[in-house]
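Straight from TrEMBL, the features:
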REPEAT    189-223  repeat 'PPR'
REPEAT    224-258  repeat 'PPR'
REPEAT    259-293  repeat 'PPR'
REPEAT    329-363  repeat 'PPR'
REPEAT    364-398  repeat 'PPR'
REPEAT    399-433  repeat 'PPR'
REPEAT    434-468  repeat 'PPR'
REPEAT    539-573  repeat 'PPR'
REPEAT    574-608  repeat 'PPR'
REPEAT    609-643  repeat 'PPR'
REPEAT    738-772  repeat 'PPR'
REPEAT    843-877  repeat 'PPR'
Amino acid sequence: MLKPFIKSPSFLKNHLHLLFFSSKSNYSASESPFSSLISKVIDVLSGDPHWPRNPELNRVAPALRPHHVSNIINTHKNTDTALRFFYWISRRHFYKHDMDCFMSMLNRLVRDGIFAPADHVRILMIKSCRNEEELKWVTEYLNGITANGVFGFTLYSFNTLLLQLGKFDLVTLAHNVYTQLLSSGVKPSLLTFNTMINIFCKKGKVQEAMLVFSKIFQFDLCPDVFTYTSLILGHCRNRNLDKAFEVFDRMVKDGCDPNSVTYSTLINALCSEGRIDEAMDMLEEMTEKGIEPTVYTYTVPIRSLCDVGRVDEAISLLRSMRERGCSPNVQTYTALISGLFQGGKMEVAIGLYHRMLKEGLVPNTVTYNALINELCAEGRFGIALKIFYWMEGRGTLANAQTYNQIIKGLFTMDDIDKAMIVFNKMLKDGPSPNVVTYNTLIVENLKRGYRNNAMRFLDMMKESGCEPDERTYCELISGFCKGGKLDSATTFFCEMVQRGISPNQWTYTAMIDGYCKEGKMDVALSLFDRMEEDGCSPSIETYNAVISGLSKDNRYVEAEKFCAKMTQQGLQPNTITYTSLIDGLCRNGGTDLAFKIFHEMEKNNCLPNVHTYTSLIYGLCQEGKVDSAERLLQEMEIKRLVPDEVTFTSLIDGFVLLGRLDHAFVLLRRMVDMGCKPNYRTYNVLLKGLHKECQLLTERVMAQNETLYGCSSDEKVSTFELIGNLLLRLSENGCEPTIEVYNTLVSGLCREGKSYEASQLVEDMKEKGLSPSMDILCSLLVAQCKNLEVDSALGIFNLLAVKGIKPYLSIYKVLICALCRSSRVEEAQSLFHSLLEEKWNSDLIVWTVLIDGLLHEGQSDVCMKFLHLMESRNCALSLYTYLSLARELSKVRKSSETNKISKENRQLSVPS
């Protein structure tokens, strides 16, 4: 039965388009340009027998669209002329039929009983399908117009439809068409059977293919090389190489000679199974039989040889390939380039890339990804970026993998701004960011302590429809636990479970470790029990986290029980296990027992590490046994264990506590000579010793002169004098103060909020001819902003500008916020103007300065003012940033309203 009312997707789209515009027009359809164009063409076709050469038709033809042509075919009086016009317009370079045109032409030909041309149009229609949906629609439509039996499928049209269905892997639909052919009375050809066998075998459906294979003989046909090769492919897809070789042997026995595709299929399968040597033997057999290998035949073994590190053999195979007159293609070069990189032959790989270009081969996305990935892995980010920008310039489509590699590379270079620009380009122009993109952004922000930004990327991820995976939550939980944000980590943990993602060893261990470090042992132990109940076996890292927490909490008996439980589970205590026990005991005055465990550890061939010795040194120093502790330092050196800053600081602190300051400075010199850099705690310990020394000296002077003297009546001067004394003693002990020493001291003082002493130290530096680094200046600026010493902070900011140093975005944030808190909003706005001129990523500016800065401090009006300023300068912001800003503004205003109501309630509650 004819089904003229089936409409294609493009028809519906055009119909809606016409409806939309017709509702807005002020003239009738007869007056529209649409109708006028169609009328002109129909007039030419009707009035001029030589219409293909008509100048007016050739003039208006470029304006014709498929919906015009469809209308002309439907309305022209003469079917033959309509068909000729259908073919004529299809040959124009500017035009391509859509499914509506084919449907209009086919409907008309079938209606008029012109079946031979109709069959040709039907075949063209099938071949013109561009995707699965179109082909499904066409199959349904063609079945509809052949249902009455008048216009049945021919063998050619059946085979064409099967081939096209195979191209789009529509197996079920193809099988339906095949069944329809067998029951239609049309005699199938070998092409019919081969096509169906190949469709099944590509999907590994060998049993179904064998049923079709049996039909070949029923129709007195013989299988050919294509038939057997398809069956071999099916067995290879199922990784059943024994069966594949059985088919190969039968093929040869039946007198059917294998071709290059047959051999290539088997060689490919052998390589996929890691049987590379057998694949190479087959390649040799192939050439001995005079069958010329194709580029595909060579490329798979070359890739496999590279994958297993046999790069030299791969290069040798490339030479052999060239000698036989077979030129490598892009895939061949890509496999070799990747293999050379992995084999540490980076320069050769780059050379091969240039040779590829000289030979006129255009690298594809896979080639560029291989280059960019390997260059990034080697730390050659500059070259990787050049290739990426060259790709963009040449219009080569980079995929999500390319962008992900570049984003990761930019973060490794610490160029967060450029990484965000690349990410925004993905959001704007594609390809769409995937789970790897978002995970990279989350991980890199967590590494830098930007937890708010990590949460923003999680929100963006969810809002874009990209589902967070196990790694997303693992990284967030681990990152927030390390930052001491256990409440947020717990929220992520619960959200993960709600989304149906089971917590793994890593997730549970991160949570348990976080609670242990916070001293919340009961929660940690409860979580450990839940882990076991969920069937997730605790790892040695999980046990070590619990043992460490219990030991520090002075719950040694429970820690021992966990050690025993761990052993029962087949996990042997390692260095970290023993060190955790030792550290806990040493912190709680159990040094003697700690040494017993230390000796047991050595007896069990578990070698102590730096942390083990550091714990013991700390314990001995707390008990005043500093000489014994120093002997442990010598023992470490004998065992070639390099003490770190914690080891030395613990020992120095021990000598300071006993008033042996001179020896403490000797140890500091030893520390520096060993290449171990003192940290602020090291210097603070020495300052404590100097302060104690100053007090003792004052007391002696008081006792001798019976007069009240002090180090200084001004605490700030006193602290600075102590620092000056420290620097002098460092020089006397051969540790001349360097920029690094000043940097450590200034940063430490700033963290303690001692901006005055820090600025005095910076001035002292300058007097000694040392130029403060950017880190020193930025630390001081932040401390001054916290103390609202805004003029001093502005002075440092201007100094950075004079030196040509681009301050971090966080520096702008603290300075702008400090100016606003000091009611100097105009200066803050001026500074914000200069920030916008630096071309920072707009989203980062909003996140850092407006949300985390101004809104966090309740400056919502200034925030909105600055946002309007950004918009007036055409700063492009993502939709997510606007949504995030709206949410944060809502929170601030709600909080403000709550505070206002609370204040009013308090006023009302005061009795008059």
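Glycine residues also receive a Cβ, built from the backbone N, Cα and C atoms like all the rest.
Automatic prediction, not curation, is the source of TrEMBL annotations.
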Fill in the blank from the handout: Long-range CB partners for the repeat 'PPR' (574-608) (under 8 A, at least six residues beyond its ends), listed in sequence order, are 540-541, 543-544, 547-548, 550-554, 556, 559-560, 563, 566, 615-616, 618-620, 622-623, 625, 641
Practice task
Mark yes when the repeat 'PPR' (609-643) and the repeat 'PPR' (399-433) have three or more Cβ pairs under 8 Å (sequence separation 6 or more) and no when they do not.
Solution key: no
Handout entry: Beyond the flanks of the repeat 'PPR' (434-468) by 6 or more, those residues with Cβ under 8 Å of it
Key = 400-401, 403-404, 407-408, 411, 416, 419, 423, 426, 475-476, 478-480, 483, 485, 488, 499, 501, 847, 851-852, 878, 880, 883-884
Handout entry: pLDDT averaged over every residue in the repeat 'PPR' (434-468)
Key = 93
Problem - DSSP-assigned states of the repeat 'PPR' (399-433) in counts, ordered helix, strand, coil - result: 27 helix, 0 strand, 8 coil
Handout entry: Counts of helix, strand and coil residues, the repeat 'PPR' (224-258), according to DSSP
Key = 26 helix, 0 strand, 9 coil
Exercise for the section: Could you give me the DSSP helix, strand and coil counts for the repeat 'PPR' (574-608)? Expected result: 26 helix, 0 strand, 9 coil
Practice task
Go ahead and report the DSSP secondary structure tallies for the repeat 'PPR' (259-293): helix first, then strand, then coil.
Solution key: 26 helix, 0 strand, 9 coil
